[in-house]
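J.: Below is a structure I'd like to ask you about.
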Amino acid sequence: MSEVSVLLLAVILDLLIGEPPHRLHPVVWMGSAVEWMRNILGNSRISGIILTIAVAAPFTLPLFLINHLQDPLNLIISSILLSAVISIRMLVTSALEVGGSLKEDIEDARRKLSMLVSRDTTSLSDEQITSAAIETLTENITDSVTAPIFYFILLGLPGAFLYRVVNTLDAMVGYLDSENRDIGWFPARLDDILNYIPSRITGVLMVPAALLLGMNWRGSFRILLRDARRTPSPNSGFTMAAAAGALSVQLEKPGVYVLGDPCDGLDNEKLLDAVKLSSLTLILFTLAAAGVMLVIP
């Protein structure tokens, strides 16, 4: 079986079909496992380590058995499973839905955005909604696409699933409030480590993507270097900063960070440009990943 074939088929499946049904989605199962396990474990850093191992093991170890299957069964199962932990279509569709609603009903746009971001969306303006939609799109192309592919290259299907387990844990318990600060410490630090390289590769690839699209590639590179470390997360700023520069916009989470230079305003066209930029960046990343796997078997 060719890992390149698995990757390309998985990407095609995700683009054509999108997310698996809720009841069959492995990331949903991961979330359910986290909820169940954390009710058993105490709230300590040791509990966070145990939680990570306890959730990761059943989602990764059985995947090694797939290697013993013969083609084409191996190829089909591996491609379906990999497609389930990448989310290109969902990211793009979600951003476009927010933009579409913003044209007609700002309350509906706020509601749809609230399902994508943690910030309070009830009083956001048009520009703030557009900024938040661009931020979540460009940040999550790492979490939901390039990082799983990166660990698929390194460790095969178990690597991609291990990453999504850690990312899911971080999303659920990786917070600084009293309830999660201790149990979420290990998953949050591990998520930072696992995202370190993929986030930087993805941010850098946005620069040639901007060039190919006729966007501000020089600004993309400049803002990437200047603003990438302004976010609380050590990783999320790389793609957001590169996008802000490419789009010649300023992205802001009030009271938390400001990325990019002041601009005349954010509108729906900028959100559409962000979708184009993110999509081409993912194409470049996928092609680069396939090339690496062909050169280094």
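Heads up, the Cβ atoms here are built off N, Cα and C, so glycines get one too.
Positions annotated as transmembrane segment by Swiss-Prot: 46-66, 72-92, 141-161, 193-213, 277-297.
How buried are the listed features, and what sits near them?
T.: Residues 26, 29-30, 33-34, 37-38, 74, 77-78, 81, 156-158, 161-162, 164-166, 169, 173, 182-187, 190 of the same chain, all 6+ positions outside the transmembrane segment (46-66), place their C-beta atoms under 8 angstroms from a C-beta of that stretch.
Sequence-distant neighbours of the transmembrane segment (72-92) (same chain, 6+ residues past either end, Cβ-Cβ under 8 Å): 1-2, 5-7, 9-11, 13-15, 17-20, 25-27, 63, 66, 137, 140-141, 144-145, 148-149, 152, 157, 160-161, 163-164, 275, 278-279, 282.
Nonlocal intrachain contacts for the transmembrane segment (141-161), taken as residues 6+ away from its ends with a CB within less than 8 angstroms of a stretch CB, comprise 3, 6-7, 26, 59-61, 63-64, 66-67, 78, 81-82, 85-88, 90-91, 167, 194-195, 197-199, 201-202, 235-236, 238-239, 278, 281-282, 285-286, 289, 292-293.
Residues 138, 141-143, 146-147, 150-151, 163, 166-167, 220-221, 224, 228, 234-236, 238-239, 241-243, 245-246, 273, 276-277, 280-281, 284-285, 288 of the same chain sit 6 or more residues outside the transmembrane segment (193-213) yet have a Cβ under 8 Å from a Cβ within it.
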J.: By a Cβ-Cβ criterion of under 8 Å, what residues six or more beyond either terminus of the transmembrane segment (277-297) are in contact with it?
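T.: Residues 3-4, 7-8, 11, 88, 91-92, 137-138, 141, 145-146, 149-150, 152-153, 201-202, 205-206, 208-210, 212-213, 215, 239, 243, 246-247.
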